[in-house]
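**Q** One structure follows; several queries about it will come next.
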Number of protein chains: 2
Amino acid sequence: MPPRSPLAPADFPALPVIGGARFAIAEAGVRYKGRPDVMLALLDPGSVVAGVFTRSATRSANVLDCQSKIGADSAEGAAIIVNSGNSNAFTGKAGEGSVAAICQAVAAQTGLPASRVFTSSTGVIGERLPHDRITAKLDELHGALSPDGMAEAARAIMTTDTFPKAATAEIDVDGKPVRIAGIAKGSGMIAPDMATMLVYIFTDARIPRAELQALVSELNAKTFNNITVDSDTSTSDTLLMAATGASGVDVTWNADFTQALYNVMLNLAHQVVRDGEGATKFVTVHVSGAASDADARTHALAIANSPLVKTALAGEDPNWGRIVMAVGKSGAAADRDKLSIRFGETLVASEGWVAESYREEDGATYFKGQEIDINVDIGLGAGQATVWTCDLTHGYIQINADYRS
Amino acid sequence: MPPRSPLAPADFPALPVIGGARFAIAEAGVRYKGRPDVMLALLDPGSVVAGVFTRSATRSANVLDCQSKIGADSAEGAAIIVNSGNSNAFTGKAGEGSVAAICQAVAAQTGLPASRVFTSSTGVIGERLPHDRITAKLDELHGALSPDGMAEAARAIMTTDTFPKAATAEIDVDGKPVRIAGIAKGSGMIAPDMATMLVYIFTDARIPRAELQALVSELNAKTFNNITVDSDTSTSDTLLMAATGASGVDVTWNADFTQALYNVMLNLAHQVVRDGEGATKFVTVHVSGAASDADARTHALAIANSPLVKTALAGEDPNWGRIVMAVGKSGAAADRDKLSIRFGETLVASEGWVAESYREEDGATYFKGQEIDINVDIGLGAGQATVWTCDLTHGYIQINADYRS
């Protein structure tokens with residue numbers, strides 16, 4: 001196990017009970033030994049479920065199964081079951097069989113229809129999922145379900161993560177509390193779309209399924225879809241969100257709820273970057289002045305994914321020439337002489353050259369920090385975008401040149 | 001200096017004299033001390049010059065100047081002057097002034113019009129080019145011009161290269177020899193379009209300028225545009241080719257000449273990959289069965305640029321799941337269940353899963369080799385493409401986390 005990321009948050013948050021949602025974990029031994037590797041979440045009748053998924057053309061059997069189920073309304077509750085250690089991706093017909101077997105077993109255990117069972121698998125690609133090890137634990141899992149189990153669930157879904165990830169928020173609507181809590185895992189193979197890898201968010205709010213789906217899709221585009229660790233997109237990326245309605249508070253079109261959910265999603269997305277494999281810097285790339293928001297995002301991702309920019313960050317070298325290079329190669333509109341670059345607040349380059357006021361020592365000092373803001377103004381229009389990433393270090397090579405051995 | 005790449009060719013080739021072309025080098029001290037850093041090539045009257053260049057939106061003043069000159073016919077000969085150590089990119093108006101000063105000085109020295117002087121600069125981005133150090137050496141350079149100077153020129157243009165790069169070919173046309181010889185530099189910041197970084201090719205063939213340009217553009221698309229080290233595109237990429245006509249042999253539409261030039265360009269392109277920063281594996285990614293050639297190239301580049309594929313190669317881990325991932329994320333059409341993957345001749349995966357005949361030990365043994373062929377059939381159509389790349393190692397991080405310090 002690599003050591004805990006230096007960018008990890010100081011503490012794991014205290015997670016509230018979400019009425020209508022219960023959690024359990026088990027050690028199924030899918031791949032890892034001596035640690036939990038399966039989590040089950042059971043949602044009471046009346047819960048609605050929304051989701052967003054990877055758009056990879058080689059996505060896993062689990063993702064395809066979730067996508068086939070996610071748009072349906074139901075009053076019957078739902079279950080989410082997740083294993084770590086094996087992604088069940090590129091496992092052919094056997095992979096589809098594993099998903100069906102798990103769904104049927106969970107349905108039999110819980111009394112839910114199989115159409116209300118959502119599965120995720122995360123870990124190595126291309127090895128058959130020993131799903132019987134998971135189904136053998138269902139009785140134990142079902143018996144252990146608890147409203148307090150979400151924190152443990154955050155550990156059970158980890159793969160190369162060096163810390164469990166959770167975030168929470170509470171709002172007040174006419175004197176009544178509404179709670180949101182979510183967990184995530186992800187560390188490598190992180191890139192849009194979408195860069196989660198796995199995220200599960202729960203709220204006791206009441207909201208119609210279609211409105212929840214619209215909200216999650218919109219906020220996903222502003223959070224998980226704007227993080228990148230290594231430009232590699234997972235075959236398993238899944239975000240599921242369940243609203244149990246247990247608070248009795250309807251949050252449809254409630255701006256406070258939207259903001260609170262955005263905060264939870266952004267917090268989780270940032271934690272995934274903070275656990276980027278080998279990461280030592282948390283980097284915010286903000287591009288403004290592009291011809292369009294889409295162009296701004298193209299530039300920002302080109303900067304964030306550039307190995308030369310990422311290694312300059314690792315080396316604490318304020319090599320702004322590499323940022324110019326990345327903007328130039330992105331394919332989006334740019335004009336060398338209208339570009340300006342700032343490190344934090346410090347103007348580094350403008351009008352096609354280094355700024356007269358810029359002193360290399362200031363850049364070098366800034367790059368020694370753990371949190372780096374790269375601000376680029378393209379000087380052409382009003383388009384903007386923000387992308388979050390990390391540096392590319394020896395740690396990334398170590399983790400990934402050895403991963404499966 | 002990093003040590004000579006383990007993938008370097010055993011020998012530097014013996015370069016022929018190209019009638020009508022002379023070369024000289026000098027130590028101008030642009031950035032490096034105690035080594036040659038400027039080369040001058042002088043081409044006799046009657047020579048034609050063609051070129052292809054980076055499409056970066058932030059390309060250097062030199063590239064813009066070359067592009068403005070490259071399409072013109074002239075009977076007056078030409079000069080090519082190249083410095084290493086400073087790329088004169090993103091140096092604003094001063095950069096344009098440096099190019100003009102060098103062109104005027106070379107024109108004055110050689111008697112050529114400035115419109116026939118082509119310049120390249122390669123090295124650090126964003127620092128003012130001390131062009132007076134170069135122009136101060138013109139008298140010395142002009143006096144030293146020699147038909148035998150091309151091999152030395154290959155050394156003068158190196159930056160982070162660990163070996164000088166040259167290739168040559170000779171064909172026979174109706175009993176008369178026609179010679180081609182080229183030199184290149186490039187090691188990092190290598191990606192289409194175009195991934196040279198700097199290439200200069202000379203022939204004593206006779207061919208009209210427009211036909212030479214068409215030939216160079218076509219062959220560039222099959223060679224330099226299909227290599228990638230790190231997906232980062234230089235602001236300075238330049239390929240210039242001069243045909244002096246000194247052999248007296250017209251090669252317009254000559255298939256042997258086309259093949260010979262292709263061989264020289266492919267050889268040089270491969271040498272750039274073999275000198276990829278930190279490279280320990282030379283990797284050929286061949287994609288067939290795609291919906292179109294363009295789709296095949298998209299898939300091949302997604303595989304070749306994937307940090308997870310490249311680190312698996314570095315770790316000699318035959319992790320074919322990461323190849324599936326890269327195909328899935330590329331954006332080009334793919335169907336999980338129609339995909340097949342071979343390592344060399346060995347079938348690894350097909351019909352959406354690992355092949356029954358595949359043994360992990362065979363893949364592991366194959367990945368221990370220095371030359372790796374990854375063959376992917378998409379199973380959808382007749383489109384194909386080949387891309388050459390290298391692995392991503394600790395060496396790359398070392399070189400690039402320190403480059404400018």
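The backbone N, Cα and C atoms fix where each Cβ goes, glycine too.
Annotations per TrEMBL:
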- B:Thr159, B:Lys185, B:Thr196, B:Glu277, B:Asn400, B:Ser405: substrate binding site (BINDING)
- B:Thr196: active site, nucleophile (ACT_SITE)
**Q** Which ones, of the binding-site residues B:Thr159, B:Glu277, B:Asn400, are Cβ-proximal to chain A (under 8 Å)?
**A** B:Asn400
**Q** In three-state terms from DSSP, label B:Asn400 (substrate binding site) for me.
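**A** For B:Asn400 (substrate binding site) - judged by DSSP and reduced to three states - the answer is helix.
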**Q** Other Cβ atoms within 10 Å is the metric here; tell me which of the binding-site residues B:Thr159, B:Asn400 scores highest.
**A** B:Asn400
**Q** Around the C-beta of B:Glu277 (substrate binding site), how many further C-beta atoms are within 10 angstroms, looking at every protein chain?
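**A** Within a 10 Å radius of the Cβ of B:Glu277 (substrate binding site) lie 28 other Cβ atoms.
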**Q** Give me the long-range Cβ neighbours of B:Lys185 (substrate binding site): same chain, 6+ apart, Cβ under 8 Å, in sequence order.
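**A** For B:Lys185 (substrate binding site), the qualifying residues are B:Ser84, B:Thr122, B:Ala154, B:Ile157, B:Met158, B:Thr159, B:Asp161, B:Pro164, B:Lys165, B:Met197, B:Leu198.
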**Q** Provide the three-state secondary structure of B:Thr159 (substrate binding site) computed with DSSP.
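**A** In three-state terms, B:Thr159 (substrate binding site) counts as coil.
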**Q** Helix, strand or coil by DSSP: which one applies to B:Lys185 (substrate binding site)?
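**A** Its secondary structure by DSSP: strand.
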